[in-house]
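Annotated features, as they stand in TrEMBL:
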- 215-222, 297-301, 359-362: GTP binding site (BINDING)
- 31-46: compositional bias 'Pro residues' (COMPBIAS)
- 380-393: domain 'SRP54-type proteins GTP-binding' (DOMAIN)
- 6-25: transmembrane segment (TRANSMEM)
Amino acid sequence: MLQTPIIISIVVALVLIVGIIAIAASQKKLPPGPPTRQIPGTPPAPKDVHDQEADTAGRGSTGVAVEERPAEPGGPTTVAPGEPVEEAVEAPEVAVPLDIPESPRTRMARLRARLAGSNNALARGLLMLLSSDKLDEETWEDFEDTLLTSDLGVGPTTELVEKLRTRLRVEGISEPSQAAAALREELVALVDPTLDRSLNVDRNGALPAVVMVVGVNGTGKTTTCGKLARVLVADDKDVLLGAADTFRAAAVEQLATWGDRVGVPTVRGAEGADPASVAFDAVAKGIEQEVDVVLIDTAGRLHTKTGLMDELGKVKRVVEKKAPVGEVLLVLDATTGQNGLTQARVFAQEVGITGIVLTKLDGSAKGGIVIQVQRELGVPVKLIGLGEGVDDLAPFDAESFVDALLEPATR
């Protein structure tokens, strides 16, 4: 009988242990506390079936989530309590930088340095003259030959040599520095600083100034147009470009690229379109937009092709039905020498040249073409170019030009 109480005690103990275990287990499965407010930026609660269907509408057919566009500036946003509010700020539009050329004085100084560094014939002739122990007939003949090779021309060369010989003899000049000064003065007189070298780019009442750029193939007409537009824009001129070189698609694109760089519009036609029609449209557009200058790039043509030269005359006549052509600039390659003078004569007869743009002067040992063209045609050199750089175009100045030619010999 004693065993019965023991068994009962064991059973009671087991019941107590099981009860304690059951209570502990029930405490681990307590229900969640009261719901808390969802804070933006924390993971959302699991969605029920209806939520999942709604979300599917924002997904692609493959089930991949479609990336949403950022909220528009100023649109509604959700901010967590206590979190600082950041206002959306629109990024300012970044303007496309435009090319701004150097000042005319800076460009002329740099071009003068480039020209002075070239091996030009005039400087060689002066070195020959100054290095001689005596100025005999043979020395003067050699000096004259050197000037002729610089494309100075027979007439200007003879005139220069005779004046210089007379001056050195009469004034008793024997010092090299004095001879150099005398030569400089005579050369400046030949280049003629009294010629009007200004560009006619002022508006004519309600009409824009019209500038035609002409020349043979390969002289750099289109590049000259672009560089000139760049210079005019820097002078606060409103410019419009007319791409009338319709026979060469690359010329149209090249001119339009120049226009984009300096913020100037370009009027163009279809490839092979009538150049006169494109030029006419460009001037009409210039009148409509009230621009200051319309620059017309024409197709390069050999001066020996009569039909093409007649077409150039037609372009000018058609343009003048809308506005007068104030400038016809002939672009000449300085390396062509005497052939350049022949070109100038034909273009002058056909379209009436008002000025010369002399390019590639740094690649030539010749500079006399400047004097010869001016003397024969009575047309001034208005601009010179010495390279492919965007600022390698500057107004022509007689004294600076002569100084640059003679600088290697007077250092």
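Any Cβ shown, glycine's included, is placed from N, Cα and C.
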Of G215, G218 (the binding-site residues), the residue whose Cβ has the fewest other Cβ atoms within 10 Å: G218
Three-class DSSP secondary structure - L361 (GTP binding site): helix
Per-state residue totals over the domain 'SRP54-type proteins GTP-binding' (380-393) - DSSP helix, strand, coil: 0 helix, 6 strand, 8 coil
Same chain, 6+ residues apart, C-beta under 8 Å of the C-beta of T298 (GTP binding site), given in sequence order: M212, V213, V214, K221, A244, D245, P275, A279, L312, V315
